[in-house]
Structure formats: structure tokens, C-alpha cells
Amino acid sequence: MASSACILAISFLALVFFLAFASDQSPIQDFCVANNGSTVLLNGLTCKDPKEVVADDFSFSGLHLAANTSNALGCHVTPVTPSEMPGLNTLGLSIVRIDYAPQGINPLHTHPRASEILIVLEGSLEVGFITSFPENRHIGKVLQKGDAFVFPVGLVHYQRNPGPTNAVAIAALSSQNPGVIIVANAVFGSIPNISSNIIEKSFQINKKAIGYLQTKF
């Protein structure tokens, strides 16, 4: 009986430990402003001397500026991470501004380390995400100015501007380094290439189509 209680207690502590480290760790001091000039490699960024911290470390200017969307996707993402705002280091969040040309898309992608909440500032956006296997359920809708939508951590999602004018959104992510995996780039643009035999069976397409797609990424 005592042994069972001990195993249960250990299992509970292991679960608590796992949950505590399932996302960005909580800071153990008021702040840890990133020292972006440091060459030390660790899980996060080293801290600037608190005595050298200034207000500019906690601010960023430029999210009001429209970005150039003259590219194949018709979309541009302006990130604000500790690289742009050092005061974000260890706080477990980041933000982005996303500009969309008419019919522009932020293509199918995932953030392996963050959930995302997006707010439409201008125009309208068709948004959605796909649930995990085996359901593979597509959950999406069209958002208007002022609407918000949340993308759960790790799920494939996208945004598209269906309108005739530019669209703008701001998104907040639950990690200072959410990461991004663009599905098409990962599959067809990996270095070195994934074997065409693997892609052929995975996507049920022929090798000629695979070769063409690999030249695009």
C-alpha cells in the first residue's frame, strides 16, 4: 500500500514537473533584458546587466508601418521578439504584424512552441486550422475588422485575404520564440531534399510533380 502511494506521488510530481516545463519558463527575476550581442549559447538569451537597462529595451516602434507585400505569397510578417524588443526575453510572449495584399496568403504553417491569437485591424481575413489525425477537421471562418481568432499550439493553420483591398492583422504568440514551420517549404524545400520515394507515397503524387515542386522551394 505504501509502495502504491509512493508511485502515485512520484507520478504526480513527474506530471507537475512536465507541465511546468511544457512552455516558456517563468522568469525568476523582474526582467532579463536580452543581451543580443552575447555569443553565449543557451536555451533563451543571456541577460543584460540590469544597471544598463533602459526604457527603449521594453519598447518597439514600427508596427504602424505597412510592409512590402510584393512577393509570391502577397504577405509580409513583421516580428517583434527579443531580437527586436530585448525586454521580451523570458516573458514567454511575442507579437507580429501581418500585411496581406489582395488575395495574399500566410500559407499553411505551424508554431511548434506557441498558441496564437490574431486580431484583424484592416480588411477581412479567411482563417482556419486543421485538427490532428485522425479527424483532420478543418475549422475556419471569415473575420472582419475587429474580430479575433485563436490558433492552438502546434496545429497547421493559415490566413488569406479574400478582399480587393489590403488587410492587416496583429497576432500575439505564447512564446518569445514560437518557431514557424511552413508546410510546403519543409516538405519540398528541405536541405538536403527528402527522398522522392517518401514524398511520392506520402502525398500520392508522381515524381515529376515532386521534382517541379522542389524547384519552387
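Quick reminder: no glycine exception, Cβ is built from N, Cα and C everywhere.
As annotated by TrEMBL, oxalate binding site applies to Asn106, His111, Glu116. Among the features that TrEMBL reports, Mn(2+) binding site is placed at His109, His111, Glu116, His157. The disulfide bond annotation in TrEMBL covers Cys32-Cys47. The domain 'Cupin type-1' feature in TrEMBL is assigned to 61-211. Per TrEMBL, signal peptide is recorded for 1-22.
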(request) Under 8 Å Cβ to Cβ from Asn106 (oxalate binding site), same chain, six or more residues apart: give me those in sequence order, or none if nothing qualifies. (result) Leu73, Cys75, Val77, Ile98, Tyr100, Tyr158, Gln159, Arg160
(request) Filter the recorded positions Cys32, Cys47, His111 down to the ones within 10 angstroms of His157 (Mn(2+) binding site), Cα to Cα, kept in sequence order. (result) His111
(request) Sorry to bug you, but what's the C-alpha spacing from His109 (Mn(2+) binding site) to Cys47 (disulfide bond), rounded to the closest Å? (result) 31
(request) Can you tell which of His109, His111, His157 has the least company, meaning the fewest other C-beta atoms within 10 angstroms of its C-beta, among these binding-site residues? (result) His109
(request) Using C-alpha atoms only, work out the spacing between Glu116 (oxalate binding site) and Cys32 (disulfide bond) and round it to an integer in Å. (result) 23
(message) If you count other CB atoms within 10 A of each CB, which of Cys47, Glu116 wins among these recorded positions?
(response) Glu116
(message) What is the set of residues, excluding Asn106, His111, Glu116, whose C-beta falls within 8 angstroms of the centroid of the C-beta atoms at the oxalate site?
(response) Val96, His109, Thr110, Ala114, Leu118, Phe151, His157, Ala171, Leu173, Pro178, Val180
